[in-house]
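Novice: Sharing the record's features from TrEMBL:
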- 28-45: transmembrane segment (TRANSMEM)
- 51-70: transmembrane segment (TRANSMEM)
- 82-100: transmembrane segment (TRANSMEM)
- 136-168: transmembrane segment (TRANSMEM)
- 180-201: transmembrane segment (TRANSMEM)
- 276-296: transmembrane segment (TRANSMEM)
- 308-328: transmembrane segment (TRANSMEM)
Amino acid sequence: MTSKRAGPGRTYQRSLSYRLSRAYRHSFLLRALTYHGHTLLLFTLSDHKPLVYPMTATGLVNLFAGSALNSEQSPDVKILDLPFRFLAVIFWVWLNFLVFCVGNQRRLSSVAEDALNKPWRPIPSGRLSPSSATSLWVALHVAVLAGCVYFGATEYTISLLILGYMYNDLEGGNHPFSRNLINACAVVAFALGATTVAYAGQPLSLTEQAKQWHWMIGAIVFTTLQVQDLCDQEGDRGRGRATIPIVWGDHVARWTVIVPMLTWSIGAPSFWRVPWWGYIGPFGIGAMICMRASMLKGVEADRKTYKVWGLWIVCVLAVPAMAAISQVDR
């Protein structure tokens, strides 16, 4: 009995078939990762500019606030470390915010609202079913809690999970007072968590002034965040959500944004006693928001105003760093 040995042509064909099969598998895996990664980004996309980027910037800026925020020794920050700290902070902020977004958007009432306001989101666009989103939501809880082992900021992650449950499952987001209060607490938790991650395990102990400052941050967000509701009035009405523009009317709601914005744009820099140049960012951008809220109306204009609010929050939260810089210059 003789065995037939494969000729060079057959060997080449088998080798080519193997390489093509392997390339196809790699290509399929890459397409799957790209598709599902894009799906995750769509959950948070509308709030990248007003929340994810500002909270990331806050964590990094607070590295340079020194003794204005931290009663411990100031962190040893090297320029080469900044890219890694940036990636760690933005991933922590985004991942914790993703849990909230999935928990919010998986609800049937949210799907109906998004079908009107944001039909490109994963569930109304058909990329993901509500039941699959619920499974993802549970898995993300495990992911963020596991991430605490590496990033730290455990107390802030747990706080955000509790606040998300209150907002979504206890329907705290359906009433103006509780909606703004929960959001204010969440912004403070994000700011402190992002700062903790940016410190990368180095000691962070807030000064008394810093503690008062974070109470003020909560008050700032509580009294101005209704700016986000100006552009979502149609969807909020369809969902039966009671927001300030719906309960008090669009005109009054805009003044509830304008008056606090002007007050805090002066009050926040005054609290830290920064030089005149420390008022430029908060007051300049705050005045821009007030002008937009009073003169530029409509869904797209109001949506852009909300994004500018995110930039204003960065300027306000950077005031302690400005105070630290001004102390060095004296």
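Every residue gets a Cβ built from N, Cα and C, even glycine.
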Novice: Pairs 6 or more apart in sequence, C-beta under 8 angstroms, 3 or more of them: is that satisfied by the transmembrane segment (82-100) and the transmembrane segment (180-201)?
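Specialist: The transmembrane segment (180-201) and the transmembrane segment (82-100): touching, yes.
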Novice: Hey, would you say the transmembrane segment (180-201) packs against the transmembrane segment (28-45), going by three or more CB pairs under 8 A that are 6+ residues apart?
Specialist: no
Novice: Answer with yes or no whether the transmembrane segment (28-45) touches the transmembrane segment (308-328) by the criterion of at least three Cβ pairs under 8 A, sequence separation 6 or more.
Specialist: no
